[in-house]
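Worksheet for the structure shown next.
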Amino acid sequence: MELRRCITPFIIQCFVSAGVTLNMSGMGLVMGFSTVLLPQLQKPDSIIQIDESSGSWIASIPGIAIIVGNFMVATLMNKFGRKIANLISVTITIIGWLCIIFSNTTSMMIAARFFQGIAMGIITTLGPILIGEYTSPRNRGAFLMSISISISTGVFLIHILGIYLDWRTTSIACIGIALVDILIVILSPESPSWLANQGKYEECRKVFRYLRGDNEEEELEKMIEANVISKQENKIKTSANDTIAARIDIIVHYWKKLVKDRAFYVPVFIMLHVYTMAQWSGVNVFTSYLIDLIEHVSGSVDHMDMIIISIDVQRIVTSTIGIILIKKIRRRLLVFVSVGLNFVMYLIIAGYTYAKQNDWLPYHHPYIGLVLIHLHMFSIGIGALPISFVLSGEIYPLEYKGISGGISTIFMSLNIFTNVKTIPMLFNAMGFSETYLMYSVIIGYCLVIVCLLLPETKDRTLLEIEESFRRKKVNRP
């Protein structure tokens with residue numbers, strides 16, 4: 001009895017969110033794996049021999065495979081439920097790591113990484129939505145920010161394992177993490193929002209109170225009421241028009257309604273720019289080409305392994321600070337400050353490396369470059385990357401979550417693929433400082449658009465946020 005009293009709704013929300021965040025950590029494991037994999041494959045005695053082109057494909061192919069996962073996720077999460085979709089994502093992740101273990105050619109390695117990208121595509125869309133539906137509005141931002149910590153921890157862990165173990169042993173360890181995640185997901189309930197959408201209202205009430213307690217009844221009843229009204233409208237339309245032509249007309253009507261609804265196209269447009277900010281903030285350089293970054297900014301340094309570990313640890317600490325900030329600071333202000341800092345660090349690093357390259361600096365020391373790298377990592381960790389997961393779990397309306405998340409995440413995957421694939425090419429063709437200057441322009445443009453369109457979402461229910469896009473007045477309790 002005492003144990004049951006100790007298990008509060010907050011503890012339950014932590015547990016069920018862990019099933020999502022542990023899966024999301026796989027994104028850090030997958031993207032960070034190329035940092036340790038490529039140097040091992042480039043050794044003369046490696047079973048798989050690669051060149052710069054095949055290496056860039058191995059690093060970037062998960063980015064394009066995310067699109068395949070995106071095409072799958074809407075059907076999985078809407079037809080079979082959020083929980084089943086989460087389990088499928090983890091299962092595909094395990095298949096990808098098994099394929100890596102048994103790879104002995106470049107083609108097999110690329111195919112294995114493609115499987116991993118499919119799993120990333122599913123959970124990248126599903127994860128923020130599921131956490132947003134599991135958690136209370138007052139804690140939702142912190143739980144969504146924990147996605148960033150899980151990804152950062154995944155990057156840190158894969159770099160640690162890759163420094164001391166070969167790539168096959170590292171892959172086995174990653175499978176162990178995925179098996180733990182499967183156990184947590186199996187023990188977690190289905191999303192109450194999905195249950196309401198399926199007309200399982202009593203089960204929805206039971207799960208909602210299990211997750212949230214008895215203090216958020218207003219949100220529960222509003223959610224059920226909205227689904228009841230929507231189902232009644234759809235039932236009337238279907239029963240009155242039961243021919244094939246009528247059904248086609250209903251689908252056409254739905255798409256016309258979709259493209260005219262501000263609650264659909266404005267959040268999608270915002271997230272296109274938010275995901276662009278996140279993926280071009282420098283996170284992919286830190287995750288997949290960290291050694292190249294250190295060499296360009298600081299030059300040749302001793303104890304490269306310890307420097308990599310220090311940057312990964314700082315990434316985790318910074319993401320943790322981000323959780324505190326997201327609880328205290330408005331979303332719009334955090335976006336402006338963190339991404340603004342990211343923009344400034346791009347300019348400073350571009351100017352510093354250009355001056356160093358042309359011998360304009362009166363004094364240069366590798367530690368100066370390392371300080372700049374850590375400051376850049378700080379700007380990414382507190383806002384540019386984690387805020388994308390927070391907003392994707394908040395601003396999509398319930399009716400359009402699947403399609404909105406799918407469209408936005410497809411665009412995110414194209415950004416990941418393009419960015420990771422072109423990093424070595426741009427460094428060689430344009431130069432490091434010129435590449436960073438180009439990145440600053442992209443970040444600056446996206447920041448302006450997001451600040452103009454993004455409403456404040458802190459401490460607001462999902463229904464309030466949805467209605468704000470439709471410009472409806474909401475009487476908040």
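Sequential numbering from 1, following the chain as shown.
Every residue, even glycine, has its Cβ placed from backbone N, Cα and C.
In TrEMBL, annotation is done automatically, which means it is predicted and not curated.
Listed in TrEMBL for this protein:
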- 12-458: domain 'Major facilitator superfamily (MFS) profile' (DOMAIN)
- 12-37: transmembrane segment (TRANSMEM)
- 57-77: transmembrane segment (TRANSMEM)
- 84-104: transmembrane segment (TRANSMEM)
- 110-131: transmembrane segment (TRANSMEM)
- 143-164: transmembrane segment (TRANSMEM)
- 170-188: transmembrane segment (TRANSMEM)
- 263-286: transmembrane segment (TRANSMEM)
- 306-326: transmembrane segment (TRANSMEM)
- 333-355: transmembrane segment (TRANSMEM)
- 367-391: transmembrane segment (TRANSMEM)
- 398-416: transmembrane segment (TRANSMEM)
- 436-454: transmembrane segment (TRANSMEM)
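Across the domain 'Major facilitator superfamily (MFS) profile' (12-458), the prediction's mean pLDDT works out to 86. Of the Cβ pairs linking the transmembrane segment (263-286) with the transmembrane segment (436-454) and spaced 6 or more residues apart, 3 or more are under 8 Å, so the two regions touch. As a quick check, the transmembrane segment (306-326) and the transmembrane segment (436-454) miss the bar of 3 or more Cβ pairs under 8 A, pairs 6 or more apart, so the two do not touch. Long-range neighbours of the transmembrane segment (436-454) within the same chain, counting only residues 6 or more positions beyond its ends whose Cβ lies under 8 Å from a Cβ of the stretch, are 266, 269-270, 273-274, 276-277, 280-282, 331-332, 335-336, 339-340, 342-343, 346-347, 349-350, 353, 384, 391, 395, 426, 430.
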